[in-house]
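The feature active site is assigned by TrEMBL to D248. Among the features that TrEMBL reports, Zn(2+) 1 binding site is placed at H14, H16, K100, D248. Taken from TrEMBL, the feature substrate binding site covers H16, L17, R18, N42, H137, L220, H252, A264. Feature annotation from TrEMBL assigns Zn(2+) 2 binding site to K100, H137, H175. If you look up TrEMBL, you'll see K100 marked as N6-carboxylysine.
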Amino acid sequence: MTQSLTLKRPDDWHLHLRDGAMLRAVLPETTRHFARAIIMPNLVPPVVTAADARAYRERIMAACPEGSDFTPLMTLYLTEDTDAEDLAAAHAEGLITAVKLYPAGATTNSASGVRDFDKVRGVLEKMAEIGCPLCVHGEVTDPEIDIFDREAAFIDRVLDPIRRATPGLRVIMEHITTRDGVDYVKSNDTDLGATITTHHLVINRNHILVGGIKPHYYCLPVAKREEHRLALRAAATSGDSRFFLGTDSAPHTDANKESACGCAGCFTATNTLSILAHVFEEEGALDKLEGFTSRHGPAFYGLPESDETITMTKGDTVTYPDQIMTEDGPVTVFDPGFPLQWQVT
Ligand SMILES: NC(=O)N[C@@H](CC(=O)O)C(=O)O
Ligand SMILES: [Zn+2]
Ligand SMILES: [Zn+2]
C-alpha cells in the first residue's frame, strides 16, 4: 500500500546559497520544494549592510528558476562595526528578517565575525527593541576548548550572558548538535528557538572517522557522540515548537572538501525531505514532520505559514544524483547511508 503524507510547503530556516555559478547551480535544489529560506550572509566579502543584502537578494531572485515563487529571507552578518540604524531601517522595510552572529573564526567565512561581544551590545539592544531576531553560530573559538565541547562552552560563556544582558532579544541557536543545546532551549521561555539540520539527525562523529575519514560528513558544528544525535532526534520529533528545520545545506566543491584541509559543510538541499520523512517515520513521528518543516519556524519568526502544500509518498527506493554539477566543479550530495523510500511527488 502506498503511504502518503501532505505537508504545508516547508521552509528552510538556515541555508547557504553562495553566489555566482554556485548560486545558480544549487538554488533550484531548494526552490523545488521550499517556499522560503533564511539566507546565510557568509559570502566573501560578507553581507554586512542593507545595500549588500539588497544586492544579494536581487542576485538570488535573478537566479530563481522560471515560475518559482521562492522567497529568500535575507540576513545581515553582524560585525563589530555594524551600524544599528542601517540594520533597523533594513528590518523596518522588510529587507532583512534576521541578523547572524558568527564568533570570528568559528566556521566557514567567519573571519569578519565578532571577537569582542561587548562591541555589539548596542546593536543587540537595538535588535531587541525593534524585534529583529538574532541567529547564532554557537561555538566558542578558544583554542583551549576541545572542538566537541565548543557548543556547550558557548552556551555558558557567551549565549547565556548575552541573553541576560539583552532582555527581549529573540535568539535562534542555529544547527544545534548537542543535548546541552536541546536542554538550554527547553529550559528557557519563548524568546529562544533552535534549528536542527537534517544531517545531524543522521550522523554521529563515528560516521566521520570510522573506517577512513569522510570529508563529506565534516561540517561545523561537528557531529557529536551518539547520545547527542539521539537528543536531537527526540527534540525534532517531539512536536515542541521551539525546534524547527534549518538544513544548513552548505555547498562546497568536491575539490575543496576532498583536500588536505577540507572545508566544513554538508550539502543536503537535494534529498533533505526524503531523509527527514525517513527519520520521522523511524521515530514513529510522521505526524510531527509538518510542525518541524512548515509550522514551528514561521511561528517563531512571526510569519504566516505557507498556504500551499506538498505531498510525499513512500514507494520503491528513490535515487538522487551523487553530485550536483556546477561551473566551479561537482558538489557531492549528502549520503544518509540508508536507502530512501519517501519522495515529494
Ligand atoms: N556548517 C558548515 O559546516 N559550514 C557553513 C558555515 C556554518 O553554517 O557554520 C558554510 O558556510 O559552509
Ligand atoms: Zn554555522
Ligand atoms: Zn550554516
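Cβ coordinates come from backbone N, Cα and C, glycine included.
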Fewest other Cβ within 10 angstroms of its own Cβ, chosen from the binding-site residues L17, L220, A264: A264
Filtered recorded positions, from K100, L220, D248, H252, whose Cβ is under 6 Å from an atom of ligand 3: D248
Rounded Cα separation (Å) that holds between L17 (substrate binding site) and D248 (active site): 10
Binding-site residues compared (H14, R18, K100, H175) - the one with the fewest other Cβ atoms within 10 Å: R18
Most Cβ neighbours inside 10 Å, all chains, among the binding-site residues H16, H137, H252: H252
Binding-site residues close to ligand 1 - of K100, H137, L220, A264, only those whose C-beta is under 6 Å away: H137, L220, A264
Filtered binding-site residues, from H16, K100, H137, whose Cβ is under 6 Å from an atom of ligand 2: H137
Surrounding CB atoms that lie within 10 Å of the CB of D248 (active site), all protein chains: 27
Integer Cα-Cα distance in angstrom, H137 (substrate binding site) to H14 (Zn(2+) 1 binding site): 11
Other CB atoms, at most 10 A from the CB of N42 (substrate binding site): 22
H14, K100, H175, D248 filtered to the recorded positions whose C-alpha is within 10 Å of N42 (substrate binding site): K100
DSSP state at H252 (substrate binding site), helix/strand/coil: coil
For R18 (substrate binding site), the one of K100, H175, D248 that lies nearest, given that the recorded positions are compared by Cα: D248
Rounded distance in angstrom between the Cα atoms of H14 (Zn(2+) 1 binding site) and D248 (active site): 5
Environment of H14, H16, K100, D248, the listed Zn(2+) 1 site - residues of the same chain whose CB lies within 8 A of the CB centroid: L15, I38, M40, N42, C135, E174, H175, G246, A250
